[in-house]
Amino acid sequence: MGLTGFYDKRQIQNSCISLLPETLSPMLTFNTFMCLHITVEQPPAIITRTSGPIIALPFDNTITIRCKARGNPPPEYRWTKDGEEFVPPYIMTDHTDGTFVLHNKHLVTFQGKYRCYASNKLGTSMTEEIELRVPSVPKFPKEFNVPIVVKEGEPITLECNPPEGVAPRQIYWMSIGLKHIEQDERVSMGADGNLYFSNALQKDSRQDYCCFVAFTKIRTIVQKTAMAVVVTNLKHGNESADGAKAPSVRIPGLLLPSGVQTEKVLLMGENLQLECIPQGYPTPTITWMKMGDKLPLRTQFLNFGKLLSISSVDESDGGKYMCKAQNSAGEAVHYIDVIVEDRPKWETGPPQGQLTVIGTDVQIKCSVSGKPTPDITWRRNGELFSGDKRVFDDTVVLHNAQAEDSAIYQCEASNRHGSVLANINIMVMNMAPRILTIDFQEYAVVVGRDIVINCSVFGSPPPTISWAKDETLEPIGGERFFSLNGSLQIISAEKNDSGKYVCVASNKEGKSAVTAVLDVKGISFAQMIPFSNVSVCFARLGVEEHYFFLHSFICTEHLMLYVFCVSDVPDAPRNVEISEMKSPRNVHLSWIPGSDHNSSVTEFIVEYEESQWEPGRWKELQKVPGNQATAELALQGYLNYQFRVYAVNVVGPGPPSEPTERYKTPPVAPERNPENIKIQGHRPHQMDISWEALLPIEHNGPGLEYKVSYRKLGVEDVWKEHLVKRQSFDVKNTSTYVPYEIKIQSRNSHGWGPDPKVVTGYSGEDVPTAAPRDIAVEVINTTVLRVSWTPAPPATVRGHLGGYDVHWLRKRSWLNPNKILDERRSLSFPGKRTHAIVPGLEPFSEYRLTVNVFNKKGNGPNSDPVTFNTPEGVPEQVPILTASNAQRDSILLVWGPPLEKNGVLTGYLLQHHLINETTLEVVDSQETNITGADTTQWQLHGLEEGSLYRFHLRACTGAGCGPPMVQESSTVNPARDGNWLVSEAVNASRSFHVIDGLKPGTVYTVRLMTKRLLDNASIFEGVIQTRVKGERRTTVYNFSTQGWFIGTLCAVALLTLVVLMACFVRKQRGGKYAVKEKEDLHPDVESQRMNDDTFCEYSDSEEKPLKGSSLCSLTGDDALGDSVSRDSMVDYADSEGEFNEDGSFIGEYSARTHGGSVSEPRTFTLRPY
């Protein structure tokens, strides 16, 4: 209302200014210009502002916050920061607006939320809040990371805790050498940046797990202090992985997220990412599902199936999702409630400005949607007036508006996701018409073409516009003349249409007029142009330099007739008329088709525009076949329609017809009720009802409201009713999780909509109040039990039953009953059930167990605890078994007790099998029950001489015997039998030991024993041979050459004398001797390399690794030991063997079975052959 007319900007010859702000009435043409000689006051309108949030980067020298408004008089500016008045420190001098600049030096002190106000005497406009964020430089805190020690099969979480910074942020896990940590189904990085191991393996041990965080926008990478992980082997002694057994099977659990159920809230249009990272061995697999629905087609599974991603979510993507982690030991589930919310947005666009006459009622409606429902704040010229009696929630009503009510009103709708703001210019005034089009504007058109003569008018009340020609008072009429928003449109201009046209605008405040001059020009034909043997005539227009083809023409040259047909889109239909049918909301539309331009019309499209809700926007209403020129239209009530029609052929759609006159339908009751009713309970004593509102054009009349009716299902007969204008309603003080019947009916000031459908929903949930009863435990075996219960009464669940949690506490092991344990575990079992199977218990232990029920809101109380005991189990395998002290008919077996006895140890079961060394088959088997629980060694007698035996040893409890430990050994061949001699104790601080009194040329078996290790167990055994006096090199002997060697010695008489002298010297020397004395006796190098006292050196520390074999045999006969490889002294002398300072050879050995240093006194035992 107020301003009518239309004109082209190109017609303005002078510098012009905009008349009114863009927020004025939809009836106004907001790009209207007026010449400078007309002075119009203009309220301020924000035209440029900085959008927030502003992120201040470290390398930004300055931050500019802009605010510019249009207005007359020019606006003045002021700013607020966090709601307080703020004076900018530096205003840009080259601008006349409110823009200011902040310098980087003290930028952090200016962090906050800013708002700009632009004011002149007509009102104040304001901006939305502009947030300035000054992020700190990201860095990790200094910290010392203790190595993380876990057992094989256990989960690991390496926390990154990345610092906050400027997005985007990228996280990487790498080594110090910048090699990426390999990720797979077992090892992966979570969305939180942590590195998760579903189960640990030996190969995960390393010292340099590093988290790197890259902030690309500020070109910064920060690194967390390296973390160390140590994975211990399950076998005794932490041996290498080559001999390690696989980790124990572990039931699945979830490292991320924690608990049974979580909630995920995100905005509509964002990407949904749900993550479940499992633990357990074998590595569990993850599966996803949506409860009660299928996953959408755009679902993607990333990060080895652990991450579910759905792009651009909408409301239908909300609901309950479940992830399941599963392996051979069981499964674990987690529920995720996805809630899709939305930031505030305009339902039908922001409220428009209005120009109205003094004394009328003005209604400003702020129609917004969002989830949660936005809160609406009203301001007048930037000042709050929420307590004013004229404010009705989302509407402001100005009764009997006066000139002083003219102002700029602000509507701001906000929820936790954002806000929208509209500046609404309300002008209440009476003003005589003012024509903005310049006087005596000239127009030119070619005969047969259309022309629009502009007349832009401003006034209040809205002026009435009429047209006359040549200054007569007769109004212009005829089928070729139409009024178009105040302007004059002439169809198919004729030569006699040239002349002066007068536009007269009038209202009760006065009258104004302007003159326009029209010149209609004819067509002049030009010469022929030959083209492909066809002569084509063309016309040159008298106005603009362009050409068009005539549909048919005659060329006089050569006296021939040529017809050149060109297809084009159809012309606009003419004479579109409306006639009523049975009711005012059913009309008959008819028209006269235009030229089809050599291509038949395929269809007509009827469009409509209504002035109340979306003025100026044309929408398709109906399609009509091309051979039909009428349409029957069903219309909505309480709308001011106008219609137009355009034709379509194979070339394309043609131009639309001229709009019909306005046709206003009478108001009627709504024809339908809201749909998609949703009932949710976000709080225990509240029920949130929302629905899909009617479209504005479906209101059918003023005062649309919704009647919300509800009652308890099956309990109440009377409906409780509320009338609301929004599309949501919250029922307060409801009982917890009670079913309700809900119906919603639309109504307006002319009646009710149809009877609504009844839907059923539940009020809000709360945590359960009662625990399951009658808890019973049935122990199935030593590690598994069956627990059963009587469910809690449904009324006490107070929500949708999620399932049951079973918690158990290991209080003590009966092997050590005085030690109180506190080992807690739990499992969740979804759905309605009365029993569950609980695995993973420890044998021979006392447990306490409780059960609770859970729903969406949380866990209920625990049941009364039940105490139970698990029975004894069979022991684990003994950690070590050695066979030593082999004799002709006996072998000594030494072992360690099992690490996990799982009960009271009653003894051991020893089986020994005689093995055929050729076929490796069992020849004979015998079994021995060892009843002493503390027994750790056993001497087996009655064995066959020189035979191979395989020993199976099992630890036993009252529940049976555990898995066997296997060892093989051989009894001694009689040909090599001898008596064992024992030396004095070995000095553990030295790296060698000398044994005197041995016979030259004799083969000895040497054993090193210790009391500290498993009672007289041999930690080294080797075979040596003393040499004959005077030999330079030691000869390798075996049984096949020994006789030849003795004969040779006997044949050489001179050597006999040398041997006697050597024996005499040895007897005189006796006992231990000093290294210095040896050097004096053997000054030459060759003598130092060869000495009679050649024994094996041993290492008493793991830090001195052995360089040669663990044995120093000089015979070369592999059969001399218990299936042990032996090296000759010749081999040591020729290779890397070492000799002591006294010239004796120091052989090296290491413990084959046990790691660690030997600190107890050692004893050498020797047996000659």
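Each Cβ is built from the backbone N, Cα and C atoms, and glycine gets one as well.
The domain 'Ig-like' feature in TrEMBL is assigned to 44-133, 135-222, 252-334, 344-427, 433-519. Annotation source TrEMBL lists domain 'Fibronectin type-III' at 572-668, 673-766, 771-873, 874-975. As annotated by TrEMBL, region 'Disordered' applies to 655-678. For 1043-1065, the entry in TrEMBL reads transmembrane segment.
Taking every recorded stretch in 135-222, 252-334, 344-427, 433-519, 572-668 and counting its Cβ pairs under 8 Å to the domain 'Fibronectin type-III' (771-873), the highest total belongs to 252-334. The DSSP breakdown of the domain 'Fibronectin type-III' (572-668), given as helix, strand and coil counts, is 0 helix, 46 strand, 51 coil. Secondary structure of the domain 'Ig-like' (135-222) per DSSP (helix as H, G, I; strand as E, B; remaining residues coil): 6 helix, 33 strand, 49 coil. Here the domain 'Ig-like' (44-133) touches the domain 'Ig-like' (344-427). Their Cβ atoms form 3 or more pairs under 8 Å, with each pair 6 or more residues apart. At the 8 Å Cβ cutoff, the domain 'Fibronectin type-III' (673-766) and the domain 'Ig-like' (252-334) share fewer than 3 close pairs (sequence separation 6 or more) and do not count as touching. Helix, strand and coil counts under DSSP for the domain 'Fibronectin type-III' (874-975) come to 2 helix, 51 strand, 49 coil.
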